[in-house]
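Feature annotations, reproduced from TrEMBL:
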{"type": "REGION", "residues": "1-133", "note": "region 'Disordered'"}
{"type": "COMPBIAS", "residues": "14-26", "note": "compositional bias 'Low complexity'"}
{"type": "COMPBIAS", "residues": "27-61", "note": "compositional bias 'Polar residues'"}
{"type": "COMPBIAS", "residues": "69-78", "note": "compositional bias 'Basic and acidic residues'"}
{"type": "COMPBIAS", "residues": "87-126", "note": "compositional bias 'Polar residues'"}
{"type": "REGION", "residues": "189-209", "note": "region 'Disordered'"}
{"type": "COMPBIAS", "residues": "196-209", "note": "compositional bias 'Basic and acidic residues'"}
{"type": "TRANSMEM", "residues": "225-248", "note": "transmembrane segment"}
{"type": "DOMAIN", "residues": "296-672", "note": "domain 'GH16'"}
Amino acid sequence: MPSKSNNNYAFGPSNSNAAISSNSHNPFINNASSSQQQQLHQPRPTPSRSLTGGGATSPSGHSPLLGSYEDRHHDDLSQNRLLGPNMSRQGSADSMGSRYNPNSPHLSPSTQPLYRSGSPTPSSSDLHAPAGPYASINSKGGYRGGAGAVGATSFGEKGWSAQNNASGSLAPSISDKFSLSPDPASWGANVALNHPEPDDYLHNPDPKRDRKYDRGGTIFTVRGLYNIGCILILVLALCTLFGGYPLISFFTREPPNTLGGYNLGGINGTGQVATRLGNFNLIDEDTPADAYTYTSKWTGETWDLVFSDEFNLDGRTFWPGDDPFWEAENIHYWGTNNLEWYDPRSITTEGGNLKITLTNSPQKGLNYTGGLMSTWNKFCFRGGYIETSLVLPGTSSVYGLWPAVWTMGNLGRMGYGGTLDGMWPYSYDSCDTGTMPNQTLNGGPNVALTTGPEQSPFNGSLSYLTGQRLSSCTCPDDPTHPGPKKANGDFKGRAAPEIDLIEAQVLQTDHGIVSEVSQSCQWAPFNPYYYFSTNVSGTDYQIMDDSMTKINTYLGGVYQQATSGVSYTDPNCYEGNTGCFSIYGFEYAHGDEGYVWWVNDGKPAWWIAGSAMKPVPEADVGQRPVPYEPMYLIVNLGLSENFGAIDYEGLEQLWPVHMLIDYIRVYQDPKAKDLGCDPEDMPTASYIEMYKEAYTNANISTFDQIPEPHPPKPKNRLDVSYAENRVLEANATDFDVVFHCRVVAECDLEPGFHHLSLRYTHEFTNIHPFLVHHLCPPTPHRSR
């Protein structure tokens, strides 16, 4: 009869009439009752089915894959049908009986076993997996293998053949021994539904037990305290991680430094990250180790290198966005009537040097093309020593070129007139007539009208400046002043001062052609006749070598006052001569007690102290401090008749000319390092943003040309309009006169009349000429 098994590898006989002899001994059912043994020989109808189940049911209504408990029990007892030829319970061929003779007509190869399970706890030696990759029962009860149909003499690719059946040996592979049936019942497990299992208590409901647990208990046990402690530790750790750590890191972190830019991390004013190909830091990696320190000429102390650019990487360009520190300008420098257009293509690096080219190529209506670049709003410093090594352009015998290395305060952008109007070259922190246009107030003082250039159109006027725009006299509530405020509530005077490292020139003199460099500082407001000091005490300035350096005969004009020393240069260190490099620099400390010390050809040239620009009472001008603004670097090569005569014929033999710069380095006292274009005590960023149009449009030449809308020009509280310009009361003695006048001050939010009382001591015999000469009030700011 057909065999029936509860496993996935069940095989029926190839002949449906074949049956196992009833008088044969079955070692798997030694303990079975005779009725059970008899039951083995009763035909049991089994529907034709595949191993997948397919949803077919037995005649009794049970699933053919699972069946009833009786069916499954019968299957356990009928596992003997899966034993192979010559195999016994102990693996002995003799114990199997004659019914397992391979020549028996009752056993076909289709009934050879895949495994056997005759004991509740089978050993690994009892398990035999199918050798082929696939096996199933077809609808006709025949065997079908994955490698094709199996004949009567073989089983699969590695099955038993007639030869190994005859020998009575079986050598299963290692994988055969550990391949288990998917039916746990074949392993000897009790799969009855009502059979208890060790983990039943976990998922079987128990009303009595559950009711007991639902009534609760006490947490105050050792285990409960451990649980509470662990929970508290976890809560505390999570609160510290997500709440405490951000607060701790916020209050303990180092203050972020913008490194002179608008944003954190050193992003500069144009939104670039401070990176250069190969060298990404303020200090160039190519800077030699022996250049990392400098000995101060003023204090003798060792200073540290804080910035350097060695220009060793060839092919660098300096268009906006190309470089983290430098940017070349694309403008005409009309302020000094330059004859060239500044083009970024004129500046590159070549042969380990910065190379600035000036040519006679016309561009944009001008006859020449040069180069200018700066670190404006990208790299700034206050105090220190700035040094460069360079080759001057042209030759030492042809005059007219204007190469320069210089610095300016960050509130002024060179070449952008709208940012320089009322800002350059002021370095001033007093509130007096020096802040006013033309350095005059109410028609005086007299020296401001008589000690300037005598030629027309100046006619003795000392200054043509429009007045200090961001002066200490700015109204206290003015929203446009960048600050800071001083202890007395007044704003600190702000501006765009200038210190020149060098301006090189070749001059035609009575003694022949000489090559020189001017090393200077520009100032405003001005002294009468632009004299900066008589140096009677010998402490205002000093020339280190009279044979090399002298005070410049040019002291200034209506737009600037200059303290300049002129030094001879090495004539070989020009491009058209031997092309050697010369070292130039200046060291300075800012403030009223500051100083500037210049270096020419690697040697100290001259210095000037802040006392050289001391107050001048007759001009109503106070102390001019050494510039305290954050300063930026500028290098350029151009030409202008404003700077000196030009030898056009001589230059025709030289075009193009080049200025070569080997390096630029900045050092500072380690106790007073001060880098950045927007320091907290001298801010610039908010003011630049407020007037962004002026700082980005070189065609704006004055403050008044800045397009609307923009904040108004800051008001000076000394600038008043008179409601009544007459003496209301005058009481005179031999020496005193008191004026009482009514004025409208610029700083008043709502214009109105205000009484000012001024007392002056003056020797006179007739009061009337005095009153006529001094209009009311002569200096109203002194009452404020």
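Here the Cβ of each residue, glycine as well, is placed from N, Cα and C on the backbone.
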Go through the chain and flag residues at least 6 beyond the ends of the transmembrane segment (225-248) whose CB is under 8 A from any CB in it; none is fine as an answer. 219
Just to be sure I understand, if DSSP states are collapsed into helix, strand and coil, how many residues of the region 'Disordered' (189-209) fall in each? 7 helix, 0 strand, 14 coil
Averaging pLDDT over all residues of the domain 'GH16' (296-672) gives 96
